Structures are given as structure tokens and as C-alpha cells.
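What Swiss-Prot records for this protein:
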BINDING   164, 165, 166, 191, 232  NADP(+) binding site
């Protein structure tokens, strides 16, 4: 029977585990996450509100720091510098995209790596490549690993086609899955790959994150692969705008073993991994490594 993944139920199960973990170790309301919001896009505001709600539900303190369209880059850098030095701040994230006149690399890399719980700084990306467990893996990549593990989808010796090469998603996933202990043979494709269908037909697992609606249909797949669809786009229909993934979901759902939908798929698990990383940051920065071991056993990745 083909499986359509339910990310909401998956994440809710672990939210209860994290909530109880914080209660048991007297950590409720003692871990602080700062969220920088510097754009006016409705989607970004929605994502921030979800992160804020979930964090508060499990027992984290959250502050959303908003910047107007008139803000300049130095305004954000000043706030990040302040929070880097603030001993009560455990994690700092910047909701992307930023305002057009701002350089995201400069801003992301201004966050001290020990508080970069989105795992997007050069330091944390380097730690990920080297397998340093004190670093932070980007949350979406971590969500993919968590889904594969919990759903019993073996990667060792399997062919994984990753469609997308962004530093936020595609590159981290391809690096991680080709490393120990995942040991997959990874083929990286992207929106300009000429023979995408040829590579996809070799795949045991397909992970797509390019943001091109309905790029992948059943004619491009072979042998009922597992599919994790991270891409999200808006498309026009006769009934107005709807969300679409990189896959033509209705077209392929019956010819794959497993698939994540656009709504309630990878998104809730990505938020879960942000909560995990934030708690991890607090434990590392306070030398609470015995408690960190317990956390990592509860939320195995």
C-alpha cells in the first residue's frame, strides 16, 4: 500500500516528547529563541507565526524582532551582535528571504555558530561536512533525515536523486546522505539538468527542492521509489491560486511507495527540527552534555 506521509501527526508526536523532556529537566521557559523578520511577505509572516506558536506550546521563550522596509542591513547586524552577546539567548534565526537590498550571506554569517540553530552559517555548514556533532544541520535537511529514519526507509547502498542544489536544502541533503552512516549513492540534479528523467528512473529515493511546480510526473519514475517533495510554488488555476510541489502529486501518488504532500508534509517536521536544534544549543552552550545525550536518544536522527 502506498503511503502519503502525515507531517502534522509526525511532528505532534515529537512535540509532546519535547514538552515532557523540558518539564522533566526543569527547562521550560528557560530556553530563548530570537527570530529576525525583515520582509513583508505573507508567507514569511505565516512561517514565523507557526514557529512562534509551536515553540511556546512546548515551553520555549520566543521573541520576534521585526524590521520595516526602511531598515538597513546595519540595523539587523546590530541586533544580531547584541543577541550574540546576550547570555540568555540560545538561538537566533533569520526568516528568509530578506529585504532585497540586504545581503543574506553577511547577515547569516554574523550569527555566532553556537546560536545559529538554522544551521545556515558557513561555520555550521563546514561542521556538517566534517561530521562535527556540536554543529547544527540545516533544519529542512535534518527533517529529511528524520523522516527517512522513522519511516524505515533504508539509504545504505541505495540510489538517491536529489533535485536541487541550494545551500539551504539540496547541498546539505546530498552531502549528508552520501556520508556515513547514511551511505547512499547520491546523484545531484537541478532545474537545468538535461537528462533529469534518465537519472530519476534510477532512483530508489527522490528528494526534490527546486520550486518548479509539477516538474516530476510518473513518466519520469520507475520501480515505485520513495519521494520527498520539498519544493513549494503557487500556480494559477481556474479556481484561483493553489500550492504545488515539485512533483505532480495526483499523477504520481499511486506509483510510489511513499510521498510527502505539499501541505502537512516536510514543513511541520522542519519546524520540529528547529525546536530540537534550539534545545540542543542551550544544552551545549551550558555544558549539559549528559542531558543532551538523553535528548538525542529521544529524537534520534
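Residue numbering: from 1, along the chain as shown.
Glycine is no exception: its Cβ is also placed from the backbone N, Cα and C atoms.
In this structure, the binding-site residues under consideration are 166, 191, and the one with the smallest number of other Cβ atoms within 10 Å of its Cβ is 191. Burial estimate for the binding-site residues (164, 165, 232): highest at 164, by number of other CB atoms within 10 Å.
According to DSSP, residue 232 (NADP(+) binding site) is assigned to coil rather than to any helix or strand.
In the three-state DSSP scheme, residue 165 (NADP(+) binding site) falls into the coil class.
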